[in-house]
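Undergrad: The structure follows.
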Amino acid sequence: MKELLYGAAYYDEYMPYDRLEKDVAMMKKAGINTIRIAESTWSTCEPQEGVFDFSHVTRVMDAMEEAGINVIIGTPTYAVPTWMVKAYPDVLAETVKGRGIYGARQIMDITHPVYRYYAERVIRKLMEVSAHRKCVIGFQLDNETKYYGTAGKNVQLGFVKYLREKFNNDLNALNHEFGLDYWSNRINAWEDFPDVRGTINGSLGAEFEKYQRSLVEEFLGWQAEIVSEYKREDQFITHNLDFEWRGYSYGVQPDVDHFKCAKHLTLAGVDIYHPTQDTLTGAEIAFGGDLIRSLKNDNYLVLETEAQGYPGWTPYDGQLRLQAYSHLAAGALGVMYWHWHSIHNSFETYWRGLLSHDMEENAVYREACIIGNEFRKLSPVLSGFKKNNKVAIMVNNESLTALKWFGIEADAAGNNGIRYNDVVRWIYDALYKMNIECDIIYSESTDIEKYKAVILPAMYVADEKLLKCLKDYTMHGGTLIATFKTAFANENVKVYPDRQPHILNEVFGIYYQQFTFPKNVTLTGFESGAPEAEHFMELLMSEGAETVLAYQHSNWKKYAAVTRHAYGKGEAWYIGCMFEEKYLQQLFVRILGENGIHAAAPEQFPVIVREGINEKGENIRFYLNYAWEEQIIKVSEKFSTVLGTADEEHREVSLGSWDVCIIKIG
Amino acid sequence: MKELLYGAAYYDEYMPYDRLEKDVAMMKKAGINTIRIAESTWSTCEPQEGVFDFSHVTRVMDAMEEAGINVIIGTPTYAVPTWMVKAYPDVLAETVKGRGIYGARQIMDITHPVYRYYAERVIRKLMEVSAHRKCVIGFQLDNETKYYGTAGKNVQLGFVKYLREKFNNDLNALNHEFGLDYWSNRINAWEDFPDVRGTINGSLGAEFEKYQRSLVEEFLGWQAEIVSEYKREDQFITHNLDFEWRGYSYGVQPDVDHFKCAKHLTLAGVDIYHPTQDTLTGAEIAFGGDLIRSLKNDNYLVLETEAQGYPGWTPYDGQLRLQAYSHLAAGALGVMYWHWHSIHNSFETYWRGLLSHDMEENAVYREACIIGNEFRKLSPVLSGFKKNNKVAIMVNNESLTALKWFGIEADAAGNNGIRYNDVVRWIYDALYKMNIECDIIYSESTDIEKYKAVILPAMYVADEKLLKCLKDYTMHGGTLIATFKTAFANENVKVYPDRQPHILNEVFGIYYQQFTFPKNVTLTGFESGAPEAEHFMELLMSEGAETVLAYQHSNWKKYAAVTRHAYGKGEAWYIGCMFEEKYLQQLFVRILGENGIHAAAPEQFPVIVREGINEKGENIRFYLNYAWEEQIIKVSEKFSTVLGTADEEHREVSLGSWDVCIIKIG
Amino acid sequence: MKELLYGAAYYDEYMPYDRLEKDVAMMKKAGINTIRIAESTWSTCEPQEGVFDFSHVTRVMDAMEEAGINVIIGTPTYAVPTWMVKAYPDVLAETVKGRGIYGARQIMDITHPVYRYYAERVIRKLMEVSAHRKCVIGFQLDNETKYYGTAGKNVQLGFVKYLREKFNNDLNALNHEFGLDYWSNRINAWEDFPDVRGTINGSLGAEFEKYQRSLVEEFLGWQAEIVSEYKREDQFITHNLDFEWRGYSYGVQPDVDHFKCAKHLTLAGVDIYHPTQDTLTGAEIAFGGDLIRSLKNDNYLVLETEAQGYPGWTPYDGQLRLQAYSHLAAGALGVMYWHWHSIHNSFETYWRGLLSHDMEENAVYREACIIGNEFRKLSPVLSGFKKNNKVAIMVNNESLTALKWFGIEADAAGNNGIRYNDVVRWIYDALYKMNIECDIIYSESTDIEKYKAVILPAMYVADEKLLKCLKDYTMHGGTLIATFKTAFANENVKVYPDRQPHILNEVFGIYYQQFTFPKNVTLTGFESGAPEAEHFMELLMSEGAETVLAYQHSNWKKYAAVTRHAYGKGEAWYIGCMFEEKYLQQLFVRILGENGIHAAAPEQFPVIVREGINEKGENIRFYLNYAWEEQIIKVSEKFSTVLGTADEEHREVSLGSWDVCIIKIG
């Protein structure tokens, strides 16, 4: 796309009175050039079974086409109309809590033929009225699709058939791999397969969740095929991928394998929500962007992000603009808000849009006007902005799931403690604040050789193929960095019955037999300071590795905490416990620095520096100030100013509160 | 009633051995002149379907009649007997958790014809044996009636019919008002109406709760009609109204519209429970009394309050007496304890009565003897004690419900924060501690012109009729005070799509488009000190109003926190955020003082001063000492002593620990 | 048994690969002489209904027999195979939450005939292959049996029949004893008996739990009879009894009456789990041992205890050995770990065994080798080690259950606060740390005359027979000590309707009518210091007793907190509230000291001293150091060293960190 996208989700259906003309005028004033419509409006588009009414869709497309505003059409399938559930109550997913009750979105069984039948029909009807329209630039499949806990008899039957195939009909193999002999869970005939919702077997349970994730992949693929029948060459297919939700977009999405889903899309899409005000750091914007960009190694759409959001997020002056450029700095093609106007009823009344409930101009809208008009001017410079990162963080859903079943801090009292994404974010956030840019790749990725360093945060589940690949990677010169809880279990969440970390113990030059929760344990080996070991610690024993950090504790002092080992042409570092982020940064300075990986600029958080190459091959750099304090920054290279206040002669960039500056290096 | 009532609930049914004669003697000694019997004893009165045995009731009436003790008869319908549920399991309410299991009280479907059939019969039978008895002074309908979450198919069917009528059969109107297009919840045929228990739509959900509350009103009206067929002219009909329960009587009752229910009663009744010992403040007694008294603008019955209650409430010496007079000071006709004796089995074993489990005289009983005998002496002075308050706090159930769906502090992580009653009590408690007496009125009240000031704590749901009425009230000279979250949504919990507060923005001379949760925000404008803004803040913009308090914060300093505006002949104050109570008191001193509203006496909490006029037109004043510390109080007026220690010559009142003094002014 | 047992649970079924030969070799090296097999392996032993395969069992017995290692056979009935549940879903217990879903262990209805039919058959088949084997020294019935909440129609029908018999078909008696008139719960016909799962009546609810506990007794008796048909004279029958679980073995088991179950066993067995590292105190080992030993007044088996357990428990060097000797010091016949190897799948992957997941030698295994070889040498000295304690703590399940229904700190907000076992452990731990050894006996015990002192922690439910027995005990010279909440309710959890404590008020020379939760109340009467009253306080009034401690508080100062009373030839102490443990120790020094009860040695925790008499009649003393700090201890008697470092000449024992020393006195 030539133009940076700037826009919002727009719901003509939800308006308290006819606003279309006024909204278009306000959009134009704000430089908005794209809207997303139709997702979640099934009950309006098909008010009764087989009765279709796309008047809202058509009327909005008409208005936008006239105004020169792009439209993304969302298939309306993620919330089902009442008539369907009334006639076929079984379309609601049966979960571990039983059959659902109508009301919320995302509560149906996405595999159910009744749902599929109606979904296909409404998609086709919608495509018929929209696909040929000039204003329509692409399609979003469904929205934030998950499997919604679907685990009814039909789904479980599919799962058993899937297992039969996976294990070549060999129950002994299944029992052995999953360890079902334990507590008499052994299955001795396929027809004895128990209701999997009650299982206490982590291997079986994790496999079922993996199967449930595959339903999402199949569902999106199915929708993509339907849409493809209608779409023009120039129209994209995307999906609104999202993240583990902790009141905001936190980490790897537990219920969807983004890597697999992305194959069905021509363009990756995402929504990212995050705290603002004094807790705005940009970390979620960067994390989400780095992960989504890496899925297809390409630019991506920010289909949703907050304008005002919940009251606690009402942005300070400048923050909306800072956020917008942070998305671009990660490789986004633009920014779209959820949503244009604050709605006046129902669940998300306080998830406020650009316009407040009074639908007049307000502080946020006025800032959007600035952003939209800057975007227009900057499009020639910023379009096609690409990354060439040297560091990758490798993640996978299987480890996330397994560490839910076997919590890192799980104890005999049933507490589960920190989770997979806490480790992922521990690693990511340290790099982010040091301005070391990275890709976030899934373990199925096949091109890791291009990275100078690959980091494995708690890669608990790792099959032997992956482990051999990582071994080769290091052997051939890569820098491999792993934390505790890596390579502990195979793809069936069976703990490897030999030295941990499995296979990689040779690469890291260490092994361990014991681990514990640290109490009053500090780490020695830093030049100054000695952080506490936190959450979990492995008692590492060297088999050739150098002990970089050791534990200080009466009983654990004989064990290493962080080790380094030359392996082949490469180097392998093992981090056996968690500790304060600033010390992790110190460690990364050493590990990465010694392997020739440095930040683009010496600044650190709250000044965030992001870099990349635009379509013309120019080196573009963003300075983002995540603070009230103004900043004057020395730039070592010659540059020209793209946006913001800079003194090219004295090579200085000036950043106000929550401000941004973009320069072209050279 | 000429005599102050003093009494207790009495359960001959629960006695471990025959105690009646001894209990009557102990009651007489304590000055007890009234007991309440029979409520909750259905399984004793009707041991098998159609078999009646009122021997406990009759024997107690006989004994009381002989002893000259009044009896209040409670209909026994709030706990159903086993035989009914065994034969008709469907009489148990079906709630969002499914059909209940027999055991607790208050678990039936109060609309169920089976329940109604048997309830009517047992009420009539009980009336036949009791209504003509001389000792019987009145009747209590059921007890603490609620709707118990009843939401079965029958109830939902009634709800749909109710909606059909409300919206004149116009589904479009319903969809539009409730915003059902959102998330595809639109209902396009009445027969598609979904199970409302699953709804995520706050408008639909709040309407259903309103409908459920109307079932309580209908139920009490139905019982009142039956009882009226039997009762004598001199007998009253009351009900035991209660409050939001937070381990004690906290605020407006969420599940019952007291205002509407009170129409079915000839005399309002209430139960009030509260902490004691060092946390006894009298605030719950005063709050409950002010609200219940205002329902019928008349004196009321305290049908239940604690004697000893739970172990944490065991009263200090003097507290039982202080509490008793606090009830009278609010306009109660007397005090009745729940209950006479501590029971030896089942759920409320530790909700101890006047007598402990040993049923001997004890410390509390001995204090009751003092109270009962004082009551007898004071009856001529204190009967018909009335209020003439100049301040009203206006509440409604609709705002309470809406702020449950849309929590004041609700965030994206799903936390809900403070509730409606926290705001109500914030306002109330400040006035209480300043000794500014007030009425607590429901928004349906039609006679607000009699108040000098009306206060709206978080009147979130307000229809246009009410808003225009409040506008007129101010225009004509009233002082209107509102907090944040007032006039935000209409009667269907649809946010008003124009300037907030709707209609009233003109009255207050302000509007706002944004709000947030305050962090490190202080308020400037007080003569000394600067409280923190707490919980929630609206970013007020003046349109003519004077900024009385402003926010101190880098980003919010341009907005007002508290404003004042002359409107017509009146004045309007808007309070945009919460803050520490003592500062609210300072603000009230200013607001009310400038409008000629002052406390009866200059004392402040822990000395509570209450005032009113007795039947003879005399001005009676209570001094209540909520503290260990003794107090000597100067009285500016001439007075004579009704109760307690006072020096009339030097115009001084002396209060010991947890002590009370009553004087007649003039 | 002549040899101290040292062993582990062993699961050939769970092995990732064939390990038997290697495991036997490693066991031999570690001095392991006993393993437990087969419990929980039903689905392996009977892969399909009626198809039996005991090859794992047989192969392990063969190997062990050859190696000279003992085998304990566990009946495999506490986890049911999938085929049974698939065919008969009703075998899963129906609890208050409804019918269970297959997955976890211990979810069946232990009374269900289908379950019983299959369980009996598999037990008989297992006995047939194992009972005659030389290596088999005994049998464990099931494992940690409970009733698993079973409350289906069949169970409730049994309960009603049980009540009919208990009350001689007299419903009036039942209603009166249980107080069912309350809230209309009265049952006027047996066929009206409601679903007891919903009851809010503590008497009925507690009786049902007692009935459910009786199902466990009946079940174990039934298994014992079956096993007895096969077992040899020299083989024992045991069961793995356990405790209230608070993430570790905390106190009296709520769901099983150990005293009654023990009658079905020839040898008591137990599992004990506890924190280690800096929180290892030995208290759970001692508590569990004292309770289990007292059941049959004999030595007992530790069938399970942790080797490594959860990560937080990974033991420090020396702790595994210290723990092992602590078990022996309480009278255990030896120590068996759960379990030999860490398993690689399913629920207890992190409940690690002696071997870690790599199944190599590790730190813990190496310490086990030391222990096992020491055990072998010490067997002649330590076998048949017996106690002769002078103090007994008396407990019962009925008080535990009742204090769940009526929590000690239960308040009107629904909080329940501390529980029965908190009081039991408060008493026990104080004695433990003072090195006062005690028996823990159930209230059905008939031989209390042998104790110099009997302590009743919160013996809330006590029938009159027991109370008269305790009265006689004191009258005849015993020292009776009771805490608050003793003798408050009868065996039907009906509060005694006279002076508390019922009957015993004469013995203690006190009574009370009121109680409260202490706030800012201190206790006066200690020589130095004044602890706060905590959790609960009774307001004691003397009727002859000496006030030993009094409350310091404006309102409660007139009441006693701790009293002492001479009664007959004995003495009775009443402790009316809780307070800090170290003050309780001071109190015990006085109470017990004055009655001639002293610790074996003057040391206190962290040095634990335990004593007893071995088979030869020699006086054996253990010194156990629960600390990092080394200790030099003076011994007042002549002694010879059994284990550890001691200077017999200078009569000194030396203890390193977490070290043990055993001496023979005289």
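Heads up, the Cβ atoms here are built off N, Cα and C, so glycines get one too.
Below are the features I grabbed from TrEMBL:
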ACT_SITE  A:Glu144  active site, proton donor
ACT_SITE  A:Glu304  active site, nucleophile
BINDING   A:Arg105, A:Asn143, A:Trp313  substrate binding site
DOMAIN    A:10-377  domain 'Glycoside hydrolase family 42 N-terminal'
DOMAIN    A:390-597  domain 'Beta-galactosidase trimerisation'
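Could you place these features in context, so I can see how deep they sit and what lies close by?
TA: Non-local contacts of A:Glu144 (active site, proton donor) by the CB criterion (under 8 A, 6+ apart in sequence, same chain) comprise A:Tyr78, A:Gln106, A:Asn240, A:Leu241, A:Asp242, A:Asp271. Under DSSP, A:Glu144 (active site, proton donor) is assigned to coil, being neither helix nor strand in the three-state scheme.
All protein chains considered, the CB of A:Glu304 (active site, nucleophile) has 23 other CB atoms within 10 Å. According to DSSP, A:Glu304 (active site, nucleophile) is assigned to a strand segment.
According to its DSSP assignment, A:Arg105 (substrate binding site) is coil. Sequence-distant contacts (6 or more apart, same chain, Cβ under 8 Å) of A:Arg105 (substrate binding site) comprise A:Ser40, A:Tyr78, A:Ala79.
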Undergrad: Measuring Cα to Cα, how many angstrom lie between A:Glu304 (active site, nucleophile) and A:Asn143 (substrate binding site)?
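TA: Each residue's Cα considered, A:Glu304 (active site, nucleophile) and A:Asn143 (substrate binding site) end up 11 Å apart.
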Undergrad: Going along the chain, which residues six or more apart from A:Asn143 (substrate binding site) have their CB under 8 A from its CB?
TA: A:Glu39, A:Ser40, A:Gly74, A:Tyr78, A:His239, A:Asn240
Undergrad: Largest pairwise Cα distance, Å, within the listed substrate binders A:Arg105, A:Asn143, A:Trp313?
TA: 24
Undergrad: What same-chain residues, at least 6 away in sequence, bring their CB to under 8 Å of the CB of A:Trp313 (substrate binding site)?
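TA: The answer is A:Pro275, A:Thr276, A:Gln277, A:Glu306.
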Undergrad: Can you tell me the mean pLDDT for the domain 'Glycoside hydrolase family 42 N-terminal' (A:10-377)?
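TA: Here the mean pLDDT over the domain 'Glycoside hydrolase family 42 N-terminal' (A:10-377) amounts to 98.
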Undergrad: Which of A:Arg105, A:Asn143, A:Glu304 (recorded positions) reach within a Cβ distance of under 8 Å of chain B?
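TA: It is A:Arg105, listed by sequence.
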